[in-house]
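Comments concern the structure below.
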Amino acid sequence: MKDLVKFLKAQSKSNDDFDVIKIGLASPDKIRSWSFGEVKKPETINYRTFKPERDGLFCARIFGPVKDYECLCGKYKRLKHRGVICEKCGVEVTQTKVRRDRMGHIELACPVAHIWFLKSLPSRIGLILDMPLRDIERVLYFESYVVTEPGMTDLEKNQLLTEEQYLEAEERWGDEFDAKMGAEGIQVLLRDMDLEHQCEVMREELQETNSETKRKKITKRLKLLEAFQQSGNKPEWMVMTVLPVLPPDLRPLVPLDGGRFATSDLNDLYRRVINRNNRLKRLLGLVAPDIIVRNEKRMLQESVDALLDNGRRGRAITGSNKRPLKSLADMIKGKQGRFRQNLLGKRVDYSGRSVITVGPYLHLHQCGLPKKMALELFRPFIYSKLESRGIASTIKAAKKMVEREEPIVWDILAEVIREHPILLNRAPTLHRLGIQAFEPLLIEGKAIQLHPLVCAAFNADFDGDQMAVHVPLTLEAQLEARALMMSTNNVLSPASGDPIIVPSQDVVLGLYYMTRDKVNGKGEGMYFLDPREAEKAYRTGQVELHARVKVRITEYSKNEAGEFLAETNLVDTTIGRAILWMIAPKGMPFSVFNQTLGKKAISKLINESYRRLGLKESVVLADQIMYTGFAYAARSGVSVGIDDMVIPAQKNDIITAAEAEVAEIQEQFNSGLVTAGERYNKVIDIWAAANERVAKAMMENLSTEEMLNREGNPEKQASFNSIFMMADSGARGSAVQIRQLAGMRGLMARPDGSIIETPITANFREGLNVLQYFISTHGARKGLADTALKTANSGYLTRRLVDVAQDLVITEDDCGTHEGIVMTPLIEGGDVKEALRDRVLGRVVAEDVLKPGTEQILIPRNTLIDEKWCDVIDVESVDVIKVRSVVTCNTDFGVCAKCYGRDLARGHLINQGEAVGVIAAQSIGEPGTQLTMRTFHIGGAASAAAKESSIQVKNAGTIKLANAKFVTNKEGKIVLTSRNTELTVIDIFGRTKENYKVPYGAVLSKNDGAEVGVGEIVANWDPHTMPVISEVSGRIQFSDIVDGLTVARQTDDLTGLSSIVVQDVGERATAGKDLRPALRLVDAKGNDIFIPGTDVAAQYFLPGKAIVTLDDGAEIAVGEALARIPQESVGTKDITGGLPRVADLFEARKPKEAAILAEISGIVSFGKETKGKRRLVITPAEGEAFEEMIPKWRQLNVFEGEMVQRGDIISDGAETPHDILRLRGVHAVTDYIVNEVQEVYRLQGVKINDKHIEVIVRQMLRKAVITNAYDSEFLEGEQVEVARVKIANRKRAEEGKPLVEFERELLGITKASLATESFISAASFQETTRVLTEAAVAGKRDELRGLKENVIVGRLIPAGTGFAYHQARAKKRVVAEQPFEMPVSKNAFATEADIEAEFEFVADEATQNLAALLNATDEE
């Protein structure tokens, strides 16, 4: 019977159908129940017989037999004795693999505190006992006593006593009280805790206290105590009395040759613990002196600490070779730990790797696989085929045949491989296109052949790159490889929706060459019947490839019914273009081909083809384009020779002129007219300009040539210079590189980023001298160092992004929200950075879009905007659209398809189950290596020149001012008195064309609503000073302006004019500290004048450093400057660019000198100042005033008495995203992060869709802080998932209770990853110990919602094809949880068919077209 029970128990263990994983503290009884026996001896194995010692660390009796079905002494062997326990050696006869999961235990002679709960900050034991960590450690390591039971004495519970105090107390009170040392003391304290009572006490304290710090502390402790109460963990379990022993096969001892042993460090650590434990037992048995026992107990505590987490306290225990031993904690954390090494990344069988070479003759869906590799990889398939055909009688025979490589084997191999896709992967796999499926073609040789067009996706080249091959084994895997991962289904990039299968290099050059035209080419002006005739004429040498000719071209276009209509015209074109037209698919217009095709044009062409004709046609077209491009690149004979680098004749004159200018500046510097900084900046400007001029002359010379046309007149045409053609077509090289070859190399930077003022005047054709070469090496070396750093940093950013977004999946079709974000074209100054159509393409409209100026609905709500709608938007000149966004999506755990919009890689509305989080992370992380690492230092003069002082309009239109307050001066011009005014120019359709920020004090020549022409200057201001503008006219009266006290007089030596400068408070004498200098405006009678429309007297307080040039009593008109405040041009500002900037944004870091924003709307005034700060007070119309201390050195943008709105900038600087969220809301912070991240990528020319950044922002905004909890399960000030609060609120709304109030919180991506609901996911990311400790104490449950948790427990992920599986399981679970009495309907347990019907996955165009495509490509 017992065996049967055991057998059943073993069976039930393998059941992995669990839905949740819970982690908790193990009680001593639990540990004993896991154990199969106590480990009593530190011995491992007998070194002569190599058999494990009895009761030792490898004991066979406890952990199971060493050999399968054989006891240790050899009495029972074979399967027939299964389950017998040998009476001689006590070993159960069973499989040896039980040694991997049977645990043992050690009974500790005294309790030992678990180091994780002691030292992992915040210390859980310290928090629960409310004692400082230092005190607890002193108790644990036997330095002082702790009072556990004060009795009737005047000692406190938890009080520490030194040795002397203890003896004194003992003399005084005898055994009235109880005090203990070591872990026993702590254990007693923990055991005596009354959690419920404590919780009540804390809640009362929480109500009474007012101090913020105290509240925080109490909340923390309260949460911990409640967690203990709810989870069923007992606090005393944080102190261990029994230690579990890991199964021996997980800490192996392997004999090496030469009689030595390799062992896991854990064995050493366990041996230490057992030795000390046994010694302590002996000492206790002998009743040894206290001091000796104490020392032994301390050593036991230390050795258990080392076993659990070596090095966390004190020095790490080292092994024989001086390196610290690897403890249990080290086994699971870090890159080499269990999580990241074995659970998230495994090695795979049926795989191989080899070098890649070009396969220019392959189809897009094929790759060349060396026969040798194929034979290895497809072995099992070959065996089964050989056997089923009866060619080999047994598997063994088949194996022999394959090893001998008999001819029949190769035939079988070819059969097996046919239409069996394989996966190719190139490391680093930065995005999902780094693994794609191909059909293998068997080839001779040892290198894998790769189709050239997929190189861009893999980022591969053929300079020795290697790729790995994997074989999908099961039918499902093959199906997924074929339908989802085939290279023909990955034409579009998931990051931007543009084609990624785009020709580059040779192909581009070939197409460019064949579509160029030439003046007076051979055969110009001939007429051809059709492209075939033209090709014949070219092949027979009658015409040149570039000759301009007329050809009859037949174009096909689709009508409404989808039939093709033919239309034939005689078209002006060239022979090359006519030949290229022969490969064009039906339905493409000839105009796309009838132009000189550069790289951009070809990309457009493929995109156009995809949108018009679908996937299959585009793939065939791409292949054809590639073959043609290669062929004509070979014919062109384009090569690089030294004579192609033509140096412009004007070069010497330009350089001589520049040298003369530099000499002149040097003269001025020597005579002291300019400063060193100015001289340096001017010299650099001169050389930069000279470089530009040389480059311009060179390009003019290179890019055009003059030919005689048929009439004999000169005509200009684009040059046929090889180097120019390569750069112009986009095949290789750029204008910058040509400039270095044939112009001049120009200015070089030092490693720190500053520019060396002597440029390299030579170019590579002339050659560099030693000094020039030396200067060049600076930049080159810095570039290499940069690249190395960049790769690591970019990889780490991607890892953090993936971790924060990994559990975001499309879980439903429509969440029904009306929320969204408002999209307008991105306009900066006079340039449209991104048009509206590009921003809304592939999004779903959140509210009906009306036709501008009418009530007519143009685009109804919930429409997916595609290219056709975009054209409508352009035609109707729509300017603003509210689209749905991931950030505003209402789905609880996941996102809905409508809020996400189009699946960029497929071109239709996204499917359910798509893992959008991971796609977003990959799309942002993948271009990371292209971003720069540098911080730009901009010198003083360089940035001074960049300061604008006027606005010149580029488009005609109407002016519109936003948040503007102004006065009109006596010339009738407008003077602004508001801070963040925006000036926009609007065209006749009402579309915004330009957008400018105008500062305070700017003089505008046009008012709101005025018309402006092209090139008009509408605003002027002085960039170096900020004026104080008078809003009324009157007479000036000085107030508190006292010479020598608050102001100082200055007289200009040249002009003799005197001015008053207000002194900073810090510089004034004591008497002037409280005076507040101001200018008041009075009328002739001396009465105060009020600012129009208010009851505020017109008086202007002057800040420090303000300069007043007017005298007391002077007359002043409206809009004139009363005083000027010099703006310190801040010296060198570091602009963080590139990768670090992106990381800062996603980590939501506060910038060094953040902008200060107004917390509330109201009137500004200044309170009493302290030593280094001034007090800013904002008084609202009603309610409390808000005070803030601001450092003196910050320049403020507001004057006393000014009205500010909540969220206005009070002091300039970089804005903190946290402030934006708090003061302006979720939309504003989304906008801010999206635009700032895009700014960095745009500079590098990388295109990423906004959606991806929004997905990450959604994950950063996952948490909320409860502001008013009412009677809910939340605590005030607690941080919880927004989804949890929403769910709770829905429930409360139904019950009619008040809703829980909360504020959204922005977390950086690292923080957000660690704060996920899933502890498994967080633990495998970073800070494993801390995460697991926290989770165990709280008894957390992991619902296994995200992708990562499911990968770790070894399941299908709840995304993609695994989505349906998880949905079906959830359904089954719901059915299973229904009460049993009711009759179970026949389809309560859904059949496979039901499930499939439930999730009728919309088969992609890709899947449908696949069979057709494969047949088509074979026939051609």
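Placement of Cβ uses the backbone N, Cα and C atoms for every residue, glycine included.
Keep in mind that what you see is a predicted model, and the values were worked out from it rather than measured.
What Swiss-Prot annotates here:
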type	residues	note
BINDING	CYS71, CYS73, CYS86, CYS89	Zn(2+) 1 binding site
BINDING	ASP461, ASP463, ASP465	Mg(2+) binding site
BINDING	CYS815, CYS889, CYS896, CYS899	Zn(2+) 2 binding site
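CYS73 (Zn(2+) 1 binding site) has a Cβ environment of 14 other Cβ atoms inside 10 Å. Rounded to a whole number, the distance between the Cα atoms of CYS896 (Zn(2+) 2 binding site) and ASP465 (Mg(2+) binding site) is 40 Å.
DSSP assigns CYS899 (Zn(2+) 2 binding site) to a helix. Of all the binding-site residues listed here (CYS71, CYS86, CYS89, CYS815, CYS899), CYS899 has the Cα closest to the Cα of ASP461 (Mg(2+) binding site). Counting in whole angstrom, CYS73 (Zn(2+) 1 binding site) lies 68 from CYS889 (Zn(2+) 2 binding site) by their C-alpha atoms. Among the binding-site residues CYS71, CYS86, CYS89, ASP463, the residue whose Cα lies closest in space to that of CYS899 (Zn(2+) 2 binding site) is ASP463. Around the Cβ of CYS899 (Zn(2+) 2 binding site), 29 further Cβ atoms fall within 10 Å across all displayed protein chains.
Put simply, of the binding-site residues ASP463, CYS815, CYS889, CYS896, the one whose Cα is nearest the Cα of CYS86 (Zn(2+) 1 binding site) is CYS896.
With a cut-off of 8 Å between CB atoms and residues at least 6 apart in sequence, the same chain places ILE810, THR811, GLU812, ASP813, ASP814, CYS815, CYS889, ASN890 near CYS896 (Zn(2+) 2 binding site), listed in sequence order. Other residues of the chain with a Cβ within 8 Å of the Cβ centroid of ASP461, ASP463, ASP465, the Mg(2+) site, are ILE356, ALA460, PHE462, GLY464. Note on the binding-site residues CYS71, CYS86, CYS89: the fewest other CB atoms within 10 A surround the CB of CYS89.
Residue with the densest Cβ environment among the binding-site residues ASP461, ASP463: ASP461, by other Cβ atoms within 10 Å.
The highest number of surrounding Cβ atoms within 10 Å, among the binding-site residues CYS815, CYS889, is found at CYS889. When the Cα atoms are compared, CYS89 (Zn(2+) 1 binding site) and ASP463 (Mg(2+) binding site) turn out to be 63 Å apart. Using the Cβ center of CYS71, CYS73, CYS86, CYS89 for Zn(2+) 1, the list of other same-chain residues with Cβ within 8 Å runs, in sequence order, ALA60, LEU72, GLY74, LYS75, TYR76, LYS88, GLY90, VAL91.
Taking CA atoms as the reference points, ASP463 (Mg(2+) binding site) and CYS71 (Zn(2+) 1 binding site) are 58 Å apart.
Other residues of the chain with a Cβ within 8 Å of the Cβ centroid of CYS815, CYS889, CYS896, CYS899, the Zn(2+) 2 site, are GLU812, ASP814, THR817, ARG884, VAL886, THR888, ASN890, THR891, VAL895, ALA897, LYS898, TYR900.
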